[in-house]
């Protein structure tokens, strides 16, 4: 089978297409396949022959974007078995068979019925087969071939990432790379020039250029200055077909910004400045600003200011405001118009971040001269010292002189000055000041132990201008005098053991003094000489501001005396010396051999009179257990079972439970056991007790005669019939149980159950005299006698 294709690509290939149509069979590579020649003869084995090529086919091509009215011819299938008589039928299967590609089953011609797009699908895989039209048997094995979609230039180049924003430093060398742009073309890059893109610049010359092949954008001028122009808009075009006429194109915009470099030194707008500063300006305050301009931006415009020389270097200082890039001029020392009326400063501003590539454009600093004029103002009085410290003894008399402050008018007028103390409303006024001389005196008696230091503020004003004030701080230290005697450092709890030995130290005491150190320690401890010698204890001064308590004798007894008192004296080291007396309380306690206290007299008394915590807990636990037993007993008494009392109006399922023996007559209270046990002993016909009977009762003698004349079986049947035929039966089951003991014996029944129906002349009134235990029995027999009487 031959496959022939007649597709042409472009006018340039017309000759090639013609050669393909005429000589394609001879010059194209092909594969020849023949079907297996196998013949089956009766009685012979199957013989396999080597297959030989029976039909030839080629790879097909179809042009994309075909817009003609007729289907596009793709190629032709032909089998060597086809003799032209129409006996061979060609079949096409695979991708697009029957929908996109159709075949003439007689001639083998293949046509494309739809316009194809190579960018969506580049090729189709199909299968061809030749069969016998009459037998539908294959004449050739099925073969696979490919129909490729041939590309045409139907897609323009596109910049997928545009528009672009990029920066490049100013003053860059010519040819500095800025950005590489890339355009993509969806056409086939392996066929023709449809996808061969060439770049060109449409806008942005002569500042920038673009490489036609790589798309790299570069600077085209030397030393592009950001201060002259900062932003550029460059338009780049990409055109396919290698830039030839008829090629498709696309464009994108590249926004290029020149970034700053430090290529401009700072410059002061003027070479000479003048500043007025009043002499009343406060030290440390800002008195003026100065600024140098820098055309650069960001850190390239940062600068520092300094004073390089001038007669005001020691009086003024300058700092840099990083936000505003201004020089802040501050006052270091106070100004005095009467002493100096002007100052001259040389101020320099220099960049902090230098770029040595542009050092030839420097120097990157500038200087200017500043003249400062000091203004004369009416100043407040000036104290002779910035602060004062004075001293006065405590307990000094009111009016004692503490010290004197001095202030003068610094102006040439030299006005008189007045003084006063600034007190708050809630302050205690311990001092006053002479308004003319500035002498400070005490107005109250001072106590160092209460307030050792006073801070007051003295103000001074001119007589001619009271609104101009100056202030100074005066610290007054109160000096100590020995006016407080020493005393024990704390309350001491001193214990002496019963088994103490003579000369044994039982405690160490110390003292304290409210006065200053000079009038306090060293302390002296001693016993009062006016008292007789204590036979039990003595005092030893340790000469380190402490004293030891020692025993004088052996053994002490709590039973004889449990508390001792020891008067002592303490004196301080002041001049003159002060002393005080105190009394120490010493308790006698029982101690272990190692000196540990076991018990004291007061604790022993309390222990004998009271109870320990364990004993209290044990007693409380016993009380709780007794209470629990009582509650349990009461609960059991209340829960004792009451006699079963069943309403006479309700006889449904009367199941009586007996939990004890010998219940007596009370156990039959739920029903009339007489009628159930012995029908012949019943006095009358019994009816249901849960409803009201509507029948008339028969006379007693008629009932007895009826019961005695019937058999037990008949009696039970009668009761059953009455229950079944009763129209007023309740809507629930009623269980009635009947039992029979048998006919009475000749001796008669000895049971009390039958006593109600027997005739007896016995008087049962005496049962009421037997007590409450026989009350129920008395009532029962009393009712029987009453009925018999009736």
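Glycine residues also receive a Cβ, built from the backbone N, Cα and C atoms like all the rest.
Over in TrEMBL, the protein carries these features:
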- 1-24: signal peptide (SIGNAL)
- 79-159: domain 'Cadherin' (DOMAIN)
- 160-268: domain 'Cadherin' (DOMAIN)
- 269-383: domain 'Cadherin' (DOMAIN)
- 384-488: domain 'Cadherin' (DOMAIN)
- 488-605: domain 'Cadherin' (DOMAIN)
- 615-636: transmembrane segment (TRANSMEM)
Folded-back contacts onto the transmembrane segment (615-636), same chain, C-beta under 8 angstroms, at least six residues removed: none
The domain 'Cadherin' (79-159) - residue tally per DSSP class, helix then strand then coil: 0 helix, 36 strand, 45 coil
The domain 'Cadherin' (488-605): DSSP-derived helix, strand, coil residue counts: 8 helix, 53 strand, 57 coil
Three-state composition of the domain 'Cadherin' (269-383), taking helix and strand from DSSP: 10 helix, 56 strand, 49 coil
Per-region confidence, the domain 'Cadherin' (488-605) (mean pLDDT, whole number): 88
